[in-house]
Each structure stands twice: as C-alpha cells, then as structure tokens.
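Colleague: Below are the structure tokens for one structure; questions will follow.
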Amino acid sequence: MPVSGDVHEPVAFTLGPWLVGMSLDLFFQGILTTQFSNYYSWYDNKDSLGMKIAVGVLALLTTLKSVQVSTVWIQEIKYYNNIQGVLALPYTAWYVIGNILMVAVISFYVQCFFCYRLYALSQMWWIAGPIMVLYILGLTSAIVATYCIASMEFGKLAHWVSVHYATAFVTDVLLSSSTAWFLLKNRSHVLPQTASLLNALVRLTFQIAALPAICAMINLIFVYVSSKNFVTVFIQALPKLYAISMMWTLNARRAIRVAFASGGSDSTEEPRNVERTRRDEISLGNLNRHIKPGIVSEHDMFAHPDSDIEVG
C-alpha cells in the first residue's frame with residue numbers, strides 16, 4: 001500500500017499502533033498460555049471447581065481477544081489498495097469499534113476476582129463495595145465510549161475513555177493498598193514464620209498490581225497528550241496484563257508454600273508443620289478473624305464465605 005503526502009500520517013498511525021499492539025497481545029497470550037498450563041498442572045486436584053471454571057473462562061476470554069489479531073491481516077492485506085477503507089475501519093468495523101469494550105470486559109472480570117479477594121480478607125463489604133462500584137463505573141464508561149464510536153459522537157469520546165482508565169488506575173491503587181493494609185494489620189499478631197509469609201503476600205500484592213496500573217495510567221495520559229493513536233498499543237496490552245496478574249496470584253501460591261514450609265524454626269515441630277502446610281492452606285483471607293501458626297485461611301472467589309481453598 002504505497003502512500004505519500006497527506007495520507008501517509010493517518011495511515012501510519014492507524015496501522016502501526018494496531019500492529020505493535022496486537023504483537024504485544026500475542027506475546028502476553030503466550031505467557032498466559034504457560035500460566036494456564038501451570039495452573040491446571042499444579043492445582044487441578046486442589047482448587048475448587050468454581051476456581052477452575054473461573055480460570056477456564058479467563059483463558060477463553062483472553063484467547064478470543066487474541067483472535068482480534070486478524071484485524072492486522074484485514075488492514076494490511078484485504079485493504080492493501082483501499083486506503084480510505086483502512087481509515088474507515090475504526091468507525092465501521094464492529095471488531096474495531098468494540099475493542100475498548102472487549103478490553104474492559106476482560107479487565108472487569110479480573111477486577112472482580114481481586115475485589116472479592118479483598119472482601120474475603122477484610123470481611124467488610126463497605127471496604128470492597130465502593131471499589132466494586134468504581135470498577136462498575138469503569139465498565140459503564142467503556143460501554144458509553146463504544147457507543148460514542150459507533151454513533152460517531154467523537155466530542156465526548158475522550159472524556160468517557162479517560163473516565164474508564166482513570167477509574168482503573170485509581171481503583172487498582174486503592175485495592176492494592178487496602179489488601180496490603182489488612183495483611184500488615186495482622187502481622188503483629190502472628191508468629192515470626194507467619195509474619196514472613198504476610199510480608200511475601202504484601203510484596204506480591206503490589207507486584208501484581210503494578211503492571212496493569214501503570215498501563216492504565218499510560219493509556220490515560222495518551223488519551224489527552226497525543227493525537228497519534230499511540231494509545232491503541234497500550235489498550236491491547238491492558239487486558240492481558242490484568243489476566244497475567246490474576247494467574248500470577250494463583251500460581252505464586254506454590255512458590256510461597258515452598259518458601260514458607262522451608263523457613264520454619266529448628267524445633268522438633270517443624271516436620272509436622274511443614275507437612276500440614278503442604279496438606280492444607282497458605283492464603284490471604286480471613287486474617288482478621290483467626291490466624292493460626294503456619295496456616296492462614298483464604299476464601300475461594302466463588303465459594304461460600306466460610307469455605308477455604310488451598311493456596312499452597
């Protein structure tokens with residue numbers, strides 16, 4: 001598609017960001033495929049059916065999102081000699097118009113997981129509830145933004161897109177900070193061995209939140225500071241970073257369990273504690289109600305509030 005003059009820049013900044021963005025999408029999907037495989041290899045006989053279904057749904061959603069790579073083929077091959085057709089795709093093709101909504105749905109799915117985890121940890125709906133309301137606001141703003149694109153009401157588009165990414169960034173920070181606070185709150189009430197576990201969980205909490213939060217912030221910045229469509233690159237990456245965060249959380253239980261089990265004291269009780277740790281749980285939830293030496297209970301995202309799952 002040879003282009004020159006006035007059309008060069010619009011074409012370059014329509015095709016280029018999609019090509020780079022979908023390349024990142026496929027790269028992160030490769031990481032997710034490994035994470036999904038590891039999850040079912042390590043926890044297939046340990047986690048509840050609800051949790052395994054939740055991971056399966058996430059795998060399906062992220063895979064379907066990666067099918068969108070066909071957009072690059074359509075842009076580069078099908079419309080090779082149709083410059084005006086390529087430039088019109090963002091406003092006429094449903095798979096491009098709905099891109100923000102697809103991203104928001106996957107992100108919201110993962111956000112629900114982390115929000116429920118916060119509720120399981122705090123047992124306070126008035127802590128997790130407002131954060132969940134903000135996540136719903138973010139999803140709603142993505143729906144409105146998609147409508148603005150479909151109806152070509154571009155005057156309001158930037159405002160709704162910025163609301164979406166602003167709520168994602170702010171709520172991610174709030175959720176991570178709240179989760180870490182409840183973990184640290186209980187650190188003084190446990191044995192040194194369990195305190196080390198809580199420290200590891202606090203570090204993990206911020207590590208898994210960092211990438212999607214930073215990506216959401218970059219999206220928010222590019223919505224206003226650049227008219228070159230660079231935001232498309234980071235839009236494609238955001239849902240995969242959320243999914244990686246969720247799977248990182250679930251799969252990290254194995255490493256934390258090993259570190260926790262091998263970090264005990266030299267007392268004669270260590271083998272029994274290690275064996276119990278392997279057999280039972282290491283987790284994030286219900287710390288405010290009861291903490292046992294060597295075991296911290298957590299709730300399954302889809303389980304009854306009084307049921308625990310193995311996190312180790």
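Quick reminder: no glycine exception, Cβ is built from N, Cα and C everywhere.
Annotation comment: TrEMBL describes 168-254 as domain 'DUF6534'. As annotated by TrEMBL, transmembrane segment applies to 12-32, 53-74, 94-119, 131-152, 164-184, 204-224, 230-250.
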Colleague: Can you give me the average pLDDT across the domain 'DUF6534' (168-254), rounded to a whole number?
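Modeller: Taking every residue in the domain 'DUF6534' (168-254) and averaging pLDDT yields 85.
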Colleague: With Cβ-Cβ distances below 8 Å as the criterion, list the same-chain residues six or more beyond the ends of the transmembrane segment (12-32) that contact it, or say none.
Modeller: 3, 59, 62-63, 65-66, 68-69, 71-72, 75-76, 86-87, 89-90, 228-237, 240-241, 243-244, 247
